[in-house]
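Enquirer: Before I ask anything, let me first share the structure, which is written out below as C-alpha cells.
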Amino acid sequence: MALNSGSPPGIGPCYENHGYQSEHICPPRPPVAPNGYNLYPAQYYPSPVPQYAPRITTQASTSVIHTHPKSSGALCTSKSKKSLCLALALGTVLTGAAVAAVLLWRFWDSNCSTSEMECGSSGTCISSSLWCDGVAHCPNGEDENRCVRLYGQSFILQVYSSQRKAWYPVCQDDWSESYGRAACKDMGYKNNFYSSQGIPDQSGATSFMKLNVSSGNVDLYKKLYHSDSCSSRMVVSLRCIECGVRSVKRQSRIVGGLNASPGDWPWQVSLHVQGVHVCGGSIITPEWIVTAAHCVEEPLSSPRYWTAFAGILRQSLMFYGSRHQVEKVISHPNYDSKTKNNDIALMKLQTPLAFNDLVKPVCLPNPGMMLDLDQECWISGWGATYEKGKTSDVLNAAMVPLIEPSKCNSKYIYNNLITPAMICAGFLQGSVDSCQGDSGGPLVTLKNGIWWLIGDTSWGSGCAKALRPGVYGNVTVFTDWIYQQMRANS
C-alpha cells in the first residue's frame, strides 16, 4: 500500500453504480460501453465475464500506460522466486495442450435474443418463460438453480417468477427458518444458515411470492406462487451467514496507510506460495476465499502451491498461526490477461476456517444496492509501501474514494482501459494506493452498518502516482458467478 503526501482532491457529483442498479430501470439487453458499469436485465443474473495478469503493456491511443498487477512483483523475474518458477514450469508442460484447448472456447458472444436467456458457459439459449419453471432445460441445469437471490442492503429474499418474468419479494406469511435454510442452500451456502425474519415492506411492492404449505416435499421455489397480496405486509429478510461485522468498534477514520490492529479487517487473508506472501484475499464463507485471477495464472494455477493464513497481522508471525491448504482454485473462465477484464478467482479451502473475533467473513454485494460517486472505501494488504518496494511485514489499510468510471476513462487517466467489470478508487493526486503484494485483497465499503466486498485489488500504473488510481475487479458483476461456483463445488 503506497502513500504520497498531499490532500485528496474533490471528486464531484453523485453517480449510480450500475452493478447494483435496480432492475426495473435497466434496459433488457444493454450494449457494453467503456464508461460505465454493466446494467442487468430483471429476469436473470449476468452471465460470466473475463480475467487478468502480470506486468503487461497495454496500448492506448495516446500515451502508453504500463499496467502492473498488485501482486508481489513479477513472479519469474524475482531472484528469490526464480527457482520456484522453474520448478513450477516443469509441471505445466504436460498441461499446455489442455490450456490451449480451453483458450479456443473462452471468448464467445451471446447469440440469444432479448426474449431468451443464456445457459451459462454452454451458450444454449432458452425462452425466459422456461427459467425456474421446475424443469431443467439448460445442459447443466442452470435454469433451475438460479431462482432465489438476496436483494439490497436489507437482504430481502426474492424469487424469480417464470410466468411474470420478474423477481418478487417473498411474503412472510407461513414462513419458517427451515425454508430459510433451503434458500441459503439453493444459493450455494453450506451449513452456514444465520437467520431469517420478517421486516416491513418499504419498497411499495404490489406483488409477492407466497408459500403453498400443502405443496409437499419439493424445492423451495416450487412451493412459492405469485400473489397480489401479503396479509402480514412483511417480507422475508434472510441472512445466510453472519458477515460484514467487526468485533472492534473504531471511531476514527483510516485515511491513509495505517497499521491495522487485531480484528480491524477480519476477512483479510494472506495467500502464500512456498512460504512467500504472493497475494491477498477476502473470506466470504468458512471455505471460500475471493482473490484476483492474475494471482493464479500459470504456473500458480494448481491449488497444491497455495496456503492461506487468516487472523494474523504480521508476515513474520504467519507460520506460528494456523494454515489452511487450498483444495480448489477456480479462475474466471473468460479471464483476459491482455485487456485485464474481470480479474477474479476463488479458492476453496481443504478445511473450513474457524470464525472468531479475528477471523470473520465480509458480505458479498446484493443487487439493488447503490453507491455514491465518492463513496468511501477501504483497502488493506501487505503490499509494498512504495513502488518497487518490499512486501510489508504488517497489514496496512487506507481509505480511498470511488472514482466515476467516465472520469477514470478520460484520456488523461486510463484512456478507455476501464471496463464495466472494473472499479477505480483512489485519489487523483496520488496520495494513497494499493501496490505490489496487495493483489487480490479487498476493496470494502460500509453501508447500513455492514461491510461489503465491492472490489478485489487488481492493477494500476505504478503505485500512488498522480492520475493513476488503483483499479479493482468489480465484484458487483461477479456475485452470480461466485454463487454458481459455490453451488457446483459444495
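Cβ from N, Cα, C; glycine included.
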Enquirer: Of the listed cysteines CYS138, CYS147, CYS171, CYS184, which one does Swiss-Prot record as disulfide-linked to CYS240?
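Expert: Matching partner in the record: CYS184.
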Enquirer: Quick test of reading the record: Swiss-Prot lists a disulfide for CYS138. Which of CYS112, CYS119, CYS125 is on the other end?
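Expert: Within the candidate set CYS112, CYS119, CYS125, Swiss-Prot assigns the bond with CYS138 to CYS119.
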Enquirer: Please work out, from what Swiss-Prot records, which of CYS408, CYS463 forms the disulfide with CYS424.
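Expert: That record, Swiss-Prot, gives the partner as CYS408.
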Enquirer: Considering the residues ASN212, ASN259, which is the one that Swiss-Prot annotates as N-linked glycosylation site?
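Expert: Record lookup in Swiss-Prot returns N-linked glycosylation site for ASN212.
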Enquirer: Where does GLU144 (Ca(2+) binding site) sit in DSSP terms: helix, strand, or coil?
Expert: helix
Enquirer: If we count other C-beta atoms within 10 Å, could you say which of the glycosylation sites ASN212, ASN474 has the fewest?
Expert: ASN212
Enquirer: Please classify the secondary structure at HIS294 (active site, charge relay system) using three-state DSSP.
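Expert: It is helical.
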Enquirer: Near HIS294 (active site, charge relay system) in space, meaning Cα within 10 angstroms, which of the recorded positions do we find among ASP143, ASN212, ASP343?
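Expert: If one measures from the Cα of HIS294 (active site, charge relay system), the recorded positions that come within 10 Å are ASP343.
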Enquirer: Tell me the Cβ neighbour count for SER439 (active site, charge relay system), meaning other Cβ atoms within 10 Å of its Cβ, over all protein chains shown.
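Expert: SER439 (active site, charge relay system) is surrounded by 31 other Cβ atoms within 10 Å.
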